[in-house]
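Noted in TrEMBL for the protein shown:
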- A:20-40: transmembrane segment (TRANSMEM)
- A:52-74: transmembrane segment (TRANSMEM)
- A:86-105: transmembrane segment (TRANSMEM)
- A:111-134: transmembrane segment (TRANSMEM)
- A:146-166: transmembrane segment (TRANSMEM)
- A:186-208: transmembrane segment (TRANSMEM)
- A:247-265: transmembrane segment (TRANSMEM)
- A:247-461: domain 'Major facilitator superfamily (MFS) profile' (DOMAIN)
- A:285-307: transmembrane segment (TRANSMEM)
- A:319-337: transmembrane segment (TRANSMEM)
- A:343-367: transmembrane segment (TRANSMEM)
- A:379-398: transmembrane segment (TRANSMEM)
- A:418-437: transmembrane segment (TRANSMEM)
Amino acid sequence: MAVGFLQRERIVARPGWSRWLIPPAALSIHLAIGQAYAWSVFKPPLEAGMDISGVASALPFTLGIIMLGLSAAVFGTKVDANGPRWAMFVASCCFVSGFLISAVGLFLDQYWLVVLGYGFVGGIGLGIGYISPVSTLIKWFPDRPGLSTGIAIMGFGGGALIASPLTQQLLGAYGATGENPSVPGIAQTFLTMGLIYAVFMSVGWLLIRVPADDWKPAGWDPSRVKSNAMISQNHVSAANAIKTPQFWLLWVVLTFNVTAGIGILERAAPIYRDFFPDATTPEALAAAAAGFVAILSLANAIGRILWSSTSDFLGRKNMYRIYLGVGALLYLALTLTTNANKVVFLVCAMVILSFYGAGFATVPAYLRDLFGTYQVGAIHGRLLTAWSTAGVLGPLIVNAIADAQIAAGVQGPGRYTTAFMIMIGLLVIAFVCNELIKPVNPRFHEPEGAAAAAEKKEAAA
Amino acid sequence: MSTQSESAPRAINPVLAALAWLWVLIPFGYGLYQLLIKIPALFGT
C-alpha cells in the first residue's frame, strides 16, 4: 500500500492540468534508467582497475537486464494498483541505491557489491521505472497512445546518449581512465552519477499526475473514434491476459524482433570493421566504427517515436507487419549486397535498428488495444520477460556464429551470413505470429464496470 | 484542505511547462550533440 504523498489519490490532476506535463515526467525517469545501455563505458576501467575478466565486468549489466524483466513482471500489478508516483519513487530509490552501493563496493574493493548494487538493486529500479509511466500516459493520451508511449520509450533509448559521454567525462576527471585507472575514481564516478540521477529523477515523481476518472482530451469524443476490431473497448486483467494466445503470440513477436535488432547492435563496431576494413589508418577505422555505433543509436531512438506515433494512424498490427516483414527483407539485402555499397549497408542497418526501437515503443499501445487500460502496466511488465530472453538470445546467436566463423578462418562479411539468415528466419516466424493475433475472446473480459470499480478499490486501499 | 471540486479550473503556468520540457531536453540535446559529432568519421571526414 502506498502512503502519504505517494498515494494515487494525491496525484489526481486538478482541472486545467496540461497533459503535456506528463511526457517530461516520464522522460525524467526513462532518460535516467536508459543509462543501462551505456554500461560498456564502465567495463574497461573496471577490468583494468580491479583485474577482472570481460565476463565479470559484464555481470552487473546482465543481471540488471534480467532483473528488469523479472521486476517488471513481478511488480507490474503493484505499479498499476499504487499509481505512477509510488512506482517512480521506488524506481528512483532502487536505481540510485544501485549506484551508491556500487560506489561503496569500489571504495572497499568488493566487486560483488557492484554486482549486487547495480545489477540486482538497480535492476529492480530499471524494471519498475520502465513500466511506471506507461499506463498513465495511455490514460492521458487515449487519442494518441502510440505517440505518448513512444516519447517515453524513446527516452530509454536516449538515456545512453547522455550517460555515455557523461560517464567518460567523469571517469576522466577522477583519474579513472587509461591503463592504470584509479578504483576510488571509478567509485567517485558512481557516487556522482547516483546523486545526479537522484535529483534528475525527482522531477518525474513530483510532476506526475493521473487524470480524473471523467477526464478526456478537449474535443475528443470516444464514441466517434473509428471502430476497429483490433481495438478492444473491454478490459482484461493481467492474470487473465497471460492465459490468452494473444499475449504469447505478442511475446514471441517482441522476443524475435528484439533478437534481430540486438544481432546488429551488440556487435556493431566489429561488424563495421569486417564489412569495411579499408581505412587509411587503424585510428580512422576505429573512429568510423564508433560513428557506425552512433548512427545506429540515433536510428534506434528516432524509430521509437517515429514508428510508434505512426502506429496511431496505421494501426498496431500493420506496423508490426512492417517491422517484421520489411526487417526480414532488409536483412536479406544486407546478406546479398554485403559491402558492395556502403550507403545501402548503412540505410539497411539504420532502418533495422529503427524497427528494433519501434518494437519496444509500439508494444504498450498494442497491449492497450488488445487488453484495454485496466492493468496494461502489469501486462506490459509480464511481456518484458521477452526482452530478457532476447537479451540473452540475440548476442548468443551472433557472437557464437561469428566466433565460429572467425575460428574457421572466414574473412569479411561472410562471418555474419549464417547469423543474418537466422535473423531472417526469426523475423518470418514473428511475422506469422503477428498475423495470428486476433481480438481477445470475450470470456477473458472483465465484467462491465468491474475494472473501474476494482481500480477505485485498489486506489482507496 | 482544498479538494478538486473546490478548485476552479485554471491553466498550468506556461513557465512550469517550459521548465519541465527544458529539464529533459537540455540533457538529451547534450547527448545528441555528443553523438552527432562522431558520425562524420563514418564517411572519412
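Every residue gets a Cβ built from N, Cα and C, even glycine.
Note that this is a predicted model, so its numbers are computed, not measured.
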Contact set, same chain, for the transmembrane segment (A:186-208): CB under 8 Å, 6 or more residues outside the stretch = 6, 11, 21-22, 24-29, 31-32, 35, 42, 45-46, 49, 84-85, 88-89, 91-92, 95-100, 102-107, 118, 133, 136, 163, 166-167, 170-171, 174, 176
Under a criterion of three or more Cβ pairs within a distance under 8 Å and sequence separation of at least 6, are the transmembrane segment (A:343-367) and the transmembrane segment (A:146-166) in contact?
-> yes
Looking only at residues six or more beyond either end of the transmembrane segment (A:247-265), which have a C-beta under 8 A from one in the stretch?
-> 241, 271, 296, 300, 320, 323-324, 327, 331, 349, 352-353, 355-357, 359-360, 363, 366-367, 370-371, 379, 382-383, 385-387, 389-391, 393-395, 397-398, 419-420, 423, 426-427, 429-430, 433-434, 436-437
